[in-house]
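Colleague: Here's the feature list from TrEMBL:
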type: TRANSMEM; residues: 57-80; note: transmembrane segment
type: TRANSMEM; residues: 103-125; note: transmembrane segment
type: TRANSMEM; residues: 137-158; note: transmembrane segment
type: TRANSMEM; residues: 178-198; note: transmembrane segment
type: TRANSMEM; residues: 205-228; note: transmembrane segment
type: TRANSMEM; residues: 240-264; note: transmembrane segment
type: COMPBIAS; residues: 380-401; note: compositional bias 'Basic and acidic residues'
type: REGION; residues: 380-527; note: region 'Disordered'
type: COMPBIAS; residues: 475-491; note: compositional bias 'Low complexity'
type: COMPBIAS; residues: 509-527; note: compositional bias 'Basic residues'
Amino acid sequence: MVTRRTDARRRRVLSEEFVPTDESAVADDNRPMQAYSFGANRRNQPKTTDLIPKRSLAITLFFLLLASIVGLLNSLAWYAKPLEQVVGEAGSKAFALSGDGTLANWVCSISLLLCSGICLQLFLLRKHKRDDYGGMYRVWILMAAMFLFASLDCAIDLRSIVAKLFEFLTHRSLVQTPWLMMAIELIVLALIVIRMLFEVRASKFSLAAVLTVWIGFVGCIALRNVAVPESLTWVDQKTAYGNCILLGCVGSFAALTVYARFVFLHAHGLIQLKIKEQAPVVDEEQAADQPPARLATTISKVETKIESETEIETETEIAPLSWSQKRAARTAAKAEAKAVARAEKQAAAEARAAAKAEAKAAKAEAKADAKAAADAKAAEAKAAKAAEVKAKAEAAAKARAEQSVAEAKSKSKSNAPAPPPSKQKLKKKPKPAAAKPSTQQTHSVKTAPKTVVQPHVVSPQPKPAVSKKSKLKKAAAAAPASTTSVDTASSELESQLAEIESSSMSKSERRRQRKLAKRAARAKKAA
């Protein structure tokens, strides 16, 4: 009885504590009424990363589910004809592994659509990676778009649409040249697989899955474009083609799921990648100055056991952490130590790079100085050569001028006019004798009658004879003036050309000055 009364009183007191008073009732009336509990809050809702299988059991069940789906589709395709009486012709066609409107096609489309969603989740995780300085995470956006396009192709057969569009634009049919479409598909597939292998290289299982996907899609392309004889396959070509498509699509889904699990665990510090540490670079001079290192001491099993026990004791004394927290703390400490070592190595590498840059700059400066000195020396040599050529030209012109003056003087002396002859020495020029008539003429004159008039013979007046010596004297008297003018004009032209060549004018200005000098020389010669 006592216990019943006390229990009833306790329940009554507890119920009275939760009964609202007038003040609390007024206060509650002002607040908006909550139609849902706190479980509907955003913090209590599952995230997209919660859909990624993280435990070993979950990932094993995931692979078993995919394998069972593929096996179920193959078994339905195998028993499609016996089941035709039960499900009808449309049902038997839906159980086929290839073709439009089949269960296999629907599974492939859903798998590729899920692959697109996983690529988006990988993009959201990978963009927070610290050492991704080049922005390689952006490739997952392109991969998401590519898988979405592939899912759409499974639903509406975009290849035939692209083939018709190509035929309309280029007036060439891809049906007549199937090797062209096959080559394009294989090249695009190879590029995508190579990029995926480079991206998932840290996860070995993902690498194997990507290679399996590549084999499946290559077989699909080959079976679609090339007729394979039945003797080479133990199943018909349609069944093999459908299994290749299933292998490629479901394998892509599995590979991306495993890689998403790997990225999530790596982001939370539950997986540590093995980093190859480079040996430190030691200078020979520093190594020679340092004393020889001692041999490393061996640690017995007892010492290692004691150290491990002390570590466990210190960990337990600090705080009662769970196993996952201890593991996270150890991985964080290791990561911090590796980060410090990496920072030291990076600083040493930067110092070496700075020293190399300084040496390179000094070398380039010395090279530039040497080049400038060589250029100055070459310019001095060129100027000296030009001065020498100018001096030689002036000396040659001066020598020619002196020679021409000397020749003119000698010619003027040799061609001087002789003194006039005296009157006594002048001889009378003989008059031309009259022509004597011949014997016949005389005979005719004698025998002719008196009435015949004899012809009047007019004696020709002789021209004054000009000897060759007088002609040569006149030519020699006129020659010295012309030769001296020609020689002086040529010497002046040569001196002007030498001055133009030695001057610091541009090529076009030199050419113009040469033309003017030659024109002036021709005018002097003509004058």
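Backbone N, Cα and C atoms are what each Cβ position is placed from, and that goes for glycine too.
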Colleague: Tell me the residue counts in helix, strand and coil for the compositional bias 'Basic residues' (509-527), as DSSP assigns them.
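Modeller: Secondary-structure composition of the compositional bias 'Basic residues' (509-527): 18 helix, 0 strand, 1 coil.
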Colleague: Are the transmembrane segment (240-264) and the transmembrane segment (57-80) near each other by the rule of at least 3 C-beta pairs under 8 angstroms (pairs 6 or more apart)?
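Modeller: As far as Cβ distances go (cut-off 8 Å, pairs 6 or more apart), the transmembrane segment (57-80) and the transmembrane segment (240-264) touch.
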Colleague: May I have the DSSP-based helix, strand and coil counts for the residues of the compositional bias 'Basic and acidic residues' (380-401)?
Modeller: 22 helix, 0 strand, 0 coil
